């Protein structure tokens, strides 16, 4: 039996080798007695040529097989046996442009029996794809995942997730998994999904924040978690999901919270560099599809205090309160200013006002109006939020009470700080939003395999 070779690996073979390849029928074109098939396997495509009534290398291809193949529906899955040959001219419609397959035989392994609600060939062109309602694409997500755009996005997604895990492990972070089904209310600053747990009130976790800190109180120095996060927010925006993949970390501090900020910056810049190296073709296709400008990031961290960021916005005509959090439009505006002044799309804003941060955020002792909280921004969008945490039980309890948080609702968390707690800090970010900002996607739903938002629960 001839070797089974993936389409992407065919260029390494010698001419006239006979091989087996598998893929989906992407398109067909008849020209006289010639049938041109394009087979697709993920991001890779190959031209297959069939000549009616002519033997190839002693193998006759019958007229009945030719006629059957000509009628095979697009997206049907076939195995083709053929001879590798070099092309006289580049096959511009395929990823394998310098080789093609002269068909000897084929097996129809699975026929596409339903009428295609989405024509995949049309989705290759941005202007045509834009006319397809996004809801229709999600209703037919399995087909939509076969498109070159989706294939490219989720290959970069996989690389991003894998590299983050690798980097944090090399920095001696231990991966943990915390409960997503919890009693009472979840910490997270948003409405939780509430449910009944055998007669007791419960909810889906909005954040592993409290558990991360409890693990540190248990004697571990550096931890991270990658897992689902749930937010019952009626947010119909391009940046919010009701379920997403959270990337959270927490670590003990030697001196200041700047240690975790520097670590996060090294993580992000090395991540972006690695992705640009390993997924250059996928990224180039995505950015060309959406007409996105290449990402800029500097070797050294660009950091602004919250008042400095407010001053930049004010100088450009923005009118806002000094202790208000940034709106979506202000984040975009600030991102444009920073890009112009510092030639970077990645920067951090530190020292957020206490009024807009969670109760456990460490208060700046020199100016109690502000905190040791920080946000990382990418392409004018918040991608990461973090802070040094309060590690003194008395201060933590007082801060919770001042914000109207009943101590009994998080007694186990507060109790952990009564056994001695070291200084620590951490951060959390959403994988889908990070991927969206890195690639310059117009909507976070593009970066979720099966997105969940207020009007979407299926498939």
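Including glycine, each Cβ sits where the backbone N, Cα and C put it.
Note: TrEMBL annotation is automatic and uncurated.
Feature annotations, reproduced from TrEMBL:
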type    : residues                                              : note
DOMAIN  : 154-451                                               : domain 'Aminoacyl-transfer RNA synthetases class-II family profile'
BINDING : 187, 231, 385, 389                                    : L-aspartate binding site
REGION  : 209-212                                               : region 'Aspartate'
BINDING : 231, 232, 233, 239, 240, 241, 382, 430, 431, 432, 433 : ATP binding site
Set of same-chain residues at least 6 away whose C-beta sits under 8 angstroms from residue 389 (L-aspartate binding site):
213, 360, 361, 362, 424, 425, 426
How long is the line from the C-alpha of residue 231 (L-aspartate binding site) to the C-alpha of residue 240 (ATP binding site), rounded to the nearest angstrom?
9
What Cα-Cα separation, expressed in whole Å, is found between residue 433 (ATP binding site) and residue 385 (L-aspartate binding site)?
12
Using DSSP with the three-state reduction, classify residue 389 (L-aspartate binding site) as helix, strand or coil.
strand
Distance between residue 385 (L-aspartate binding site) and residue 233 (ATP binding site) at the Cα atoms, whole Å?
18
Looking only at Cβ atoms, how many others are within 10 Å of the one on residue 382 (ATP binding site)?
20
DSSP three-state assignment for residue 382 (ATP binding site):
strand
Tally of DSSP helical, extended and coil residues in the region 'Aspartate' (209-212):
4 helix, 0 strand, 0 coil
Can you check what DSSP calls residue 240 (ATP binding site), collapsed to helix, strand or coil?
coil
Can you name the residues of this chain that are 6 or more positions from residue 431 (ATP binding site) yet have a C-beta less than 8 Å from its C-beta?
157, 160, 161, 226, 244, 245, 246, 247, 447
Cβ neighbour count (within 10 Å, all chains shown) around residue 433 (ATP binding site):
23
Residue 385 (L-aspartate binding site): tally of other CB atoms within 10 A of its CB:
17
Identify which of the binding-site residues 231, 240 has its Cβ surrounded by the largest number of other Cβ atoms within 10 Å, counting every protein chain shown.
231
